């Protein structure tokens with residue numbers, strides 16, 4: 001652009017050319033202070049209706065999805081036509097090979113699925129049998145624990161019954177007092193540090 005302006009401003013007679021620059025309004029740099037009329041101005045964004053914004057956003061999204069799908073469809077169509085035009089018989093042969101390979105892979109997949117299903121059924125049967133055995137063992141152990149608990153409680157009851165025979169009640173209080181008074185036992189004794197019994 002400067003070269004064109006220099007040609008326009010060339011002077012005859014060997015005088016140096018002068019630039020003809022149009023007076024344009026320049027932009028302020030980021031370091032320049034704001035204008036006096038803009039010092040107290042607060043920039044307020046325009047009001048946006050939330051419902052309208054939601055509708056516009058949804059419509060833009062649908063539009064982009066539609067355009068993307070159309071672009072993908074057209075791209076696939078153009079690529080398919082170019083492939084057919086360039087390859088021809090080779091493309092058809094490759095397509096047949098791909099179909100045959102797909103059929104072989106599907107047959108192998110079905111066979112593998114059948115084999116894995118048989119293994120899965122056998123594993124589930126073994127797990128069910130093991131679970132039944134564990135449940136039977138748990139039930140047997142629980143029955144043994146209950147039986148042991150019942151026996152323990154029976155022994156405790158028998159022990160309490162035996163101890164109850166020696167309990168002092170209102171009925172045998174007088175007899176026990178007489179028996180204690182008539183008893184020749186003496187509890188007036190002590191044990192030394194050496195283990196000797198000292199009686200008075």
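The backbone N, Cα and C atoms fix where each Cβ goes, and this holds for glycine too.
From a predicted model like this one, the values you see are computed outputs, not experimental measurements.
Per Swiss-Prot, transit peptide is recorded for 1-27, and the stated evidence type is experimental evidence.
DSSP classifies residue 159 (N6-acetyllysine) as helix under the three-state reduction. Around the Cβ of residue 159 (N6-acetyllysine), the same chain contributes no residue under 8 angstroms that is 6 or more positions distant in sequence. Feature annotation from Swiss-Prot assigns N6-acetyllysine to 159; the stated evidence is similarity to another entry.
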